[in-house]
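In what follows, a structure is listed as structure tokens, so that the remarks can point back to it.
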Amino acid sequence: MVDQPARTTPRPAERIRLRRELTAEPWALTLALLLALASTGAALALPLLVRTIITDFSAHRPLGTDVLLMCAAATAGALAQALSSFLLARIGERMTYRLRTRIMEHTLRLPLAVVRAQGTGELTARITSDALLLRQVVDVATQLPLAALTVTATLLVMVWIDWILTVVTVVAFAALTALVLLIVRRMKANVTGQQDAVGRIAQRFTADLEALSTIKAYRAEPMAARALAEDAERLRAVSLVGGRLNSLIPAVLTLGNQLALIAVILAGGARMATGGLQAAAFAAFLLYLLQTVPSISALATGFGRLQSGLAARDRCTDLLAIAPEAEPQDAERTVPPPPLDVPSVVFKSVSFTHTGSRDAALRGVSFSTGRTGLTAVVGPSGAGKSTTLSLIDCFVRPASGSVTVLGRDTAHWPLNALRARIAYVDQAFTLIEATARENLQLGRTEPADDVELAAALDAVGLTEDIARLPRGLDTPLGRECDLSGGQRQRMALARALLSDAEIVLLDEPTSQLDGLNEQRFRTIVADLAATRAVIVVAHRLSTVQDAHHVIMMNHGTVVDAGDHLTLLERCPPYRELVTSQAILTP
Ligand SMILES: Nc1ncnc2c1ncn2[C@@H]1O[C@H](COP(=O)(O)OP(=O)(O)OP(=O)(O)O)[C@@H](O)[C@H]1O
């Protein structure tokens with residue numbers, strides 16, 4: 001077991017049940033079906049009216065009523081069809097909305113390691129191209145039964161007109177229908193392949209765009225473009241197979257139709273010659289035959305689209321089946337306030353290995369930090385410092401040992417309640433796509449007023465920077481209006497200042513700060529540490545030399561812990577680290 005042990009077994013999300021999704025609005029679906037039925041009925045009535053007109057023509061009877069009836073049937077049919085299509089579009093959009101929001105919400109609750117392993121582009125494809133394919137299933141839900149009904153009804157009318165010609169028609173179509181069914185079955189596997197290829201290309205493209213400055217700086221555009229072209233080629237190849245399958249269907253149907261037409265004309269001509277069939281009935285039969293063709297095509301394409309929708313459904317269901325972050329089985333809705341006399345964090349023999357990694361990132365790590373005060377976690381790169389912070393915020397779970405936060409084992413902390421007590425500033429100083437105000441207030445239970453916001457911005461020296469934004473605090477950040485690395489870092493600090501959290505975790509919080517801002521940082525951290533537990537991972541020891549407690553890590557273990565002077569005296573690796581940065585002892 002590595003980084004996601006099942007301390008508790010979270011309930012996997014329910015499968016996507018298409019039938020339930022489609023019947024979520026039963027009245028609208030029934031109305032859409034009835035209207036489509038009315039439109040089909042109107043279309044079916046037309047050839048019969050034609051037969052009446054031809055008969056009336058021959059008998060020199062007035063045609064006014066017949067023509068009026070034909071126009072009325074055509075107009076009513078068109079109106080019913082339009083309304084039915086609109087209702088279906090509405091049902092389809094609502095279903096897609098529900099599925100998209102469900103998939104996005106589920107994805108946000110997945111463990112970080114799973115999201116990284118799946119890839120952002122691949123996950124995005126589920127709510128874009130897969131969702132669009134799923135949307136088509138709604139059209140099919142009425143298209144298929146109606147087409148089947150139309151074909152059956154038309155065949156019955158054709159039997160009524162002339163059963164011998166009907167048998168000729170059915171025999172001519174039968175062999176080709178079997179062929180179409182075979183093609184349609186292969187389409188589902190092909191669509192799954194296409195969607196996988198779409199996910200792969202989206203994944204690579206997203207990753208390239210995120211690393212665009214590196215790609216440009218190292219003139220790696222050709223290399224990136226080559227890899228993208230290879231993915232595009234794979235997608236092209238698999239889509240071409242799909243295209244081939246798709247193009248076969250109309251060809252097979254047209255062939256079937258022509259064969260049926262030839263057979264019917266020959267058989268009908270012979271029967272007319274022997275007087276077994278009237279000209280008007282033959283004309284009506286031919287019209288019905290021609291009219292079945294679109295319905296038979298609708299049946300074939302409908303099955304094809306259904307297969308695409310089912311393939312997309314399976315991909316989305318696979319994602320929904322991945323268990324979200326584990327919540328403890330004994331999770332309580334409200335957790336009693338932690339006692340004041342317990343340490344903020346206690347690690348007991350914690351070991352942990354990242355997914356896909358062969359070596360353990362942490363091995364038997366034990367330490368504890370005070371309820372308030374500044375703890376610095378230091379050590380060379382790769383020592384396991386960031387992993388330690390991730391375990392405190394439960395982004396990952398220990399493979400063995402225990403992590404206790406504010407007196408409660410993290411295995412028993414409800415995630416929301418735990419994270420409400422921790423403010424976490426990550427290495428990337430991430431801002432979400434939202435306004436500066438919203439970014440600052442992340443993690444607040446109650447919104448901060450303007451005075452609090454101004455005080456936090458002032459403390460981190462961001463007042464003027466934010467005032468210069470086009471809409472000040474209400475400027476959306478992330479696209480046209482982004483902040484510099486150092487400004488982001490200070491925004492993240494201001495966010496920590498504004499949070500109600502009892503524990504503040506800072507991962508490399510000063511890497512992009514200038515001298516003045518580093519000084520500000522030290523003041524802020526001292527203020528925070530007076531009332532909360534602040535745990536800082538830092539390479540620049542100058543920023544943490546005032547720490548009450550220093551934890552020296554190396555190769556995934558705690559080498560020593562104590563205050564700065566004690567460690568200087570008794571811990572050679574710490575002394576080496578300090579000397580390498582030329583920090584003067586006070
Ligand atoms: N997502 C990951 N997947 C696999 N291995 C990882 C991952 N993140 C970290 N590691 C590995 O775990 C070990 C500890 O990494 P960690 O990031 O905790 O070290 P660190 O002390 O914070 O390093 P730095 O100071 O360079 O940020 C390293 O060997 C690293 O290669």
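Glycine is no exception: its Cβ is also placed from the backbone N, Cα and C atoms.
According to TrEMBL, the features are:
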type: TRANSMEM; residues: 27-47; note: transmembrane segment
type: DOMAIN; residues: 31-308; note: domain 'ABC transmembrane type-1'
type: TRANSMEM; residues: 67-89; note: transmembrane segment
type: TRANSMEM; residues: 137-157; note: transmembrane segment
type: TRANSMEM; residues: 163-184; note: transmembrane segment
type: TRANSMEM; residues: 245-267; note: transmembrane segment
type: TRANSMEM; residues: 279-303; note: transmembrane segment
type: DOMAIN; residues: 345-580; note: domain 'ABC transporter'
Which residues of the chain, 6 or more past the ends of the transmembrane segment (67-89), have a CB below 8 A from one of its CBs? 28-29, 31-33, 35-36, 38-43, 45-46, 49-50, 53, 138-139, 141-142
Look over the recorded stretches 27-47, 163-184, 245-267, 279-303 and say which has the most C-beta pairs under 8 A to the transmembrane segment (137-157). 279-303
Averaged over the domain 'ABC transporter' (345-580), what pLDDT does the prediction give? 88
